[in-house]
Amino acid sequence: MGHVTSPSKRYPASFKRAGSILGVSIALAAFSNVAAAGCEYVVTNSWGSGFTAAIRITNSTSSVINGWNVSWQYNSNRVTNLWNANLSGSNPYSASNLSWNGTIQPGQTVEFGFQGVTNSGTVESPTVNGAACTGGTSSSVSSSSVVSSSSSSRSSVSSSSVVSSSSSVVSSSSSSVVSGGQCNWYGTLYPLCVSTTSGWGYENNRSCISPSTCSAQPAPYGIVGGSSSPSSISSSSVRSSSSSSVVPPSSSSSSSVPSSSSSSVSSSSVVSSSSSSVSVPGTGVFRVNTQGNLTKDGQLLPARCGNWFGLEGRHEPSNDADNPSGAPMELYAGNMWWVNNSQGSGRTIQQTMTELKQQGITMLRLPIAPQTLDANDPQGRSPNLKNHQSIRQSNARQALEDFIKLADQNDIQIFIDIHSCSNYVGWRAGRLDARPPYVDANRVGYDFTREEYSCSATNNPSSVTRIHAYDKQKWLANLREIAGLSAKLGVSNLIGIDVFNEPYDYTWAEWKGMVEEAYQAINEVNPNMLIIVEGISANANTQDGTPDTSVPVPHGSTDLNPNWGENLYEAGANPPNIPKDRLLFSPHTYGPSVFVQRQFMDPAQTECAGLEGDEAAQARCRIVINPTVLEQGWEEHFGYLRELGYGILIGEFGGNMDWPGAKSSQADRNAWSHITTNVDQQWQQAAASYFKRKGINACYWSMNPESADTMGWYLTPWDPVTANDMWGQWTGFDPRKTQLLHNMWGL
């Protein structure tokens, strides 16, 4: 067989780093409705140390409520953040309406949500007080169904009919919407714009739709009036309990219907988030709420996330028997054709999804290349593939679509990452039209340089013999194509698009302008998606055809160098012109197994100050992982955006916990032989602690173990030095990484 060398995800001289996520368990939790009728306190999720909850206010009178204020108090529980209301006090708490949700028509419901900690106690259900909490009737909870009702709307749900991945509450007001000043956009409520005359706008810190655009929809959609009428929702038409009440326009349930005061729901009509809904088939509303947290259909979306790669292309060795120096696009699956006397390991993608879900995963980042979208590209088809025939794809495009659909069936959310301009150029690109020389051009003893490939049609050096021309127009076309997959495949799990991986070669001004165009392109096709924006680097313009004219980029302290994709230092003062509830910042950050940064140097070795990478190795510099120093850099580079209310989802973090020992390259073992402690594991622990404390979500790189500088969550017998012939084989989960991730997620 042709031996396949592991694709090094990045040359160790590349500048990258990453983070982690504070996850929320999805256990189905019964709620308690106390307080006077008209107000409900609903526990929507709970885990060991915390919970999420909502307060729902139903107007059960015959008069319009203009403005509301409610209060509640705990014994030991405390609120840590709140969205869609103004919060005051500190146990007791008070919450009042925002400008857009203060008016409640008779028979209608509004809600706001919050997250809290139990402080070693149990999850409480306190009484809610306020003038709006009078009149009507309260709800009841049975042993196998969860139903709430008010005097103005009624619902009937049979036992065992609630199956939801995000909430345990189904309210009878699911078919009632707030009327006036809103647009029912194909089943989803948005505010009507005041000053925007056509298309979509952004006013009062929220997305809105112009009256002319809203009115152009076919019936029954359009501008929502003040009247109400009964509606009947058929079996399997309501997607999860997020449809149980009217939610904010920017995060409303896609299963809301224009207006009603009563509804009938059959025994199978409340289903998981992967089911169909009244909205456009295959779509789900993904938003970032005012607290910077991810939501789906108005409910908090747990983001226990990992990377699963391969479809973006790998690097084959120059002596491969079938595909020398090729770049096949094939998801790693732990089942290579030559294993077990060519019978394969038996592992399937479904098996891996099942195992990942059992470990807590709710979300996956899926890297691709532009060529992945081409079903006819030979690098996505046999005979250039290595997976066992039992799981082998027909082509890379089909594999992409099949993976998305299978993840949807497993209630795993997906976001697609355009990982490079070319499956051959790979991680090196840094820009759409990247040209060599690349960062690994002079790497000693390395078989996988790609100096003969360029993504630019012009101004290439003499080393280039193969051009995969890529530019902004092709990129925007790819974004539109990906945005259309939700409708094409009939799925509701495509969160958004990570528009380009590690754009380290742009200045912030350049990258900001590009992502604004990316937003417009995506939004034209799919207004339900998020736009996921990575950071830049500390320098720009090295891959633009002028490698000697690198431009320094502001990133805060020069002693704290950002990795590729980490630098969002300028984003707070000069953010992209993208609605805040559609924008998700996604920096990358890594420890020493990927690149030894200057901030890792032992301050006791003054001769090592400012050194990094190979220079630090040659000087035999010691590595000291100081969380205080690391956090200063993270705060400058992206952490401060959390306090500004932006959503942050770290796109990549992770590493080889045994570096520079087991599983490391021979070059790293030689260069860093004086390092005998678990410095990369220490770095990962510091990162996980920081992100958990900040409430920042993150995606671990990677689930599969074929990344040469990080390995994976899955263990492998492969070792590039002692067991190179075991490449592509998986065993169980690395218990150290399991503990790291479970601690970070609160599991």
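Glycine is no exception: its Cβ is also placed from the backbone N, Cα and C atoms.
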- Which of these links to Cys214 by a disulfide bond in Swiss-Prot: Cys183, Cys193, Cys208? Cys183
- Note on the structure: Three-class DSSP assignment, Glu652 (active site, nucleophile), comes back as strand
- Hey, how far is Glu652 (active site, nucleophile) from Glu502 (active site, proton donor), Cα to Cα, in Å? 10
- Task: Take the domain 'CBM2' (38-136) and count its residues per DSSP category (helix H/G/I, strand E/B, coil), listing them in that order.
- Result: 0 helix, 49 strand, 50 coil
- What does DSSP assign Glu502 (active site, proton donor), in three states? coil
- Task: Fewest other Cβ atoms within 10 Å: which of the active-site residues Glu502, Glu652 wins that one? Let me know.
- Result: Glu502
